[in-house]
Amino acid sequence: MSGGDMAKPLLGHRSMEGDPSVTPAAGRTVGVLGSGDFARSLAIRLVCSGFKVVVGSRNPKRKAGLFPSAAEVTFQAEAVKKTDVIFVAVFREHYSTLCDLADVLAGKILVDVSNNTEINHHKESNAEYLASLFPACTVVKGFNVISAWTLQSGARDGNKQVLICSNNQEAKRTVAEIAQVMGFTPVDMGCMSSACEIENIPLRLLPAWKIPIFLALGLFLCFFTYNLIRQVIHPYIREQKNKLYKIPIEVVNTTLPCVAYVMLSLVYLPGVLAACSQLYYGTKYRRFPDWLDQWLQHRKQIGLLSFFCAALHAVYSFCLPMRRSHRYQLIETAVKQALEKKMNIWVEEEVWRMEIYISVGIIALGLLSLLAITSLPSIANSLNWREFSFIQSTIGFIALVISTLHTLTYGWSRAFDENQYKFYLPPTYTLTLLVPCTVILAKVIFSLPCIQQRLLRIRRGWEKGRYVKFVLPSATGEYSSGETSSNV
């Protein structure tokens with residue numbers, strides 16, 4: 001970052017006047033122990049946010065050029081003496097090198113920003129270990145879930161949370177104030193015992209995506225094998241035709257829409273099952289089974305994977321005419337028609353089928369794109385709950401209906417053609433219709449007034465078999481109270 005960029009803050013200072021529990025932080029002196037990439041990014045962010053930064057290094061002359069000119073780079077002991085809040089940006093194995101500073105560190109707030117290389121690598125967290133080395137200091141765990149890139153660019157790409165924990169409330173409040181001025185959102189995670197969990201968070205590789213990814217891969221393998229049997233193995237056994245060339249493009253392109261379509265229906269199927277459970281038990285307070293609860297929590301990831309497969313299907317379909325095999329087939333068909341002296345090969349039904357099929361598919365992909373975009377935190381945070389629910393629920397269901405029309409148009413009347421049943425196996429698209437049609441049928445049933453009103457009452461707190469109080473207006477305009485069974 002150039003000197004001109006560092007001269008002006010990337011983010012405006014957030015006012016703290018409305019919060020009586022927080023005192024103004026901008027302008028105070030903050031120390032940083034360490035001279036690595038994270039320490040440099042942290043110093044840049046602090047300087048751009050209006051803080052005075054003192055960097056403590058064992059080789060200040062050699063490291064001074066790595067930090068912004070507004071930051072003071074000096075020896076560690078000198079840096080510690082000039083501030084009460086110090087970011088410890090060194091690895092756990094180097095904590096012992098700071099023991100010589102124990103006397104000057106006494107009474108200071110140490111912010112531990114370190115992470116481990118493995119989950120639960122040590123019995124105690126890094127923050128707890130640091131606190132044991134410096135019992136006269138107050139240790140706060142924080143900023144370890146923020147990357148060096150985020151520190152340099154600022155919290156401009158959505159909501160960036162800083163998880164904080166400590167046994168001292170005042171120290172947590174001070175660090176939270178600094179995080180707010182830097183443009184981040186501090187989240188109080190409780191006492192120091194939470195430090196181990198906070199340190200494990202950056203080490204987890206897509207924890208919310210494992211189940212959806214395995215689900216998508218499982219569906220892909222099943223549909224790919226099914227299509228391979230129908231499109232490659234069947235012609236080879238019955239007609240001795242080698243069609244292995246279809247595997248990289250055609251078989252994959254036939255599989256991707258199946259996965260996308262079924263995954264989209266799996267986004268709305270758990271909501272149907274949850275509604276059935278509430279109607280059956282007559283209450284919203286009964287806990288769902290764990291598998292259904294996990295399913296509901298992974299709907300966003302399942303929907304994004306559905307969009308990913310649909311987008312790949314669009315790209316593959318666009319590339320189909322570019323294949324050499326497709327050109328050979330066109331030439332072969334043209335030669336046959338010339339030999340048979342066929343001058344008009346226009347089939348009105350097929351033309352209309354393909355026009356409708358492609359048009360409906362484009363609309364479905366556009367709606368899926370809208371669902372994917374509004375799933376991004378930066379976009380979702382700009383929507384209120386009603387807007388977000390309307391897009392994800394109503395428009396999402398419309399996307400499912402249009403995708404069903406896309407599939408039905410592709411099938412047209414071929415579902416009743418016996419030549420389409422290879423090895424007596426039905427066409428792939430007929431199998432994909434099972435789950436989506438079930439979801440659509442259930443949604444239609446739930447929209448009936450008698451069922452919709454009952455479900456709405458349950459979600460507002462009504463319970464079957466329970467007596468509730470009611471208030472009715474009398475003829476004189478006064479109100480009389482009584483009790484009735486909720487079954488009535």
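Cβ coordinates are placed from backbone N, Cα and C, and glycine is handled just like the others.
Annotated features, as they stand in TrEMBL:
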DOMAIN    29-116  domain 'Pyrroline-5-carboxylate reductase catalytic N-terminal'
DOMAIN    259-392  domain 'Ferric oxidoreductase'
REGION    1-23  region 'Disordered'
TRANSMEM  211-229  transmembrane segment
TRANSMEM  259-281  transmembrane segment
TRANSMEM  302-323  transmembrane segment
TRANSMEM  356-376  transmembrane segment
TRANSMEM  388-409  transmembrane segment
TRANSMEM  429-451  transmembrane segment
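Secondary structure of the domain 'Pyrroline-5-carboxylate reductase catalytic N-terminal' (29-116) per DSSP (helix as H, G, I; strand as E, B; remaining residues coil): 39 helix, 23 strand, 26 coil. By the Cβ criterion (distance under 8 Å, sequence gap of 6 or more), the transmembrane segment (211-229) is counted as touching the transmembrane segment (302-323), at least 3 such pairs being found. Beyond its flanks by at least six residues, the transmembrane segment (259-281) meets 215-216, 219-220, 223, 288, 292, 295-296, 299, 302-303, 305-310, 313, 368, 396-397, 399-400, 403, 407, 432, 435-436, 438-439, 442-443, 446, 451, 454-455, 458-459, 464 of its own chain at Cβ-Cβ distances under 8 Å. Counting residue by residue with DSSP, the domain 'Ferric oxidoreductase' (259-392) contains 110 helix, 0 strand, 24 coil.
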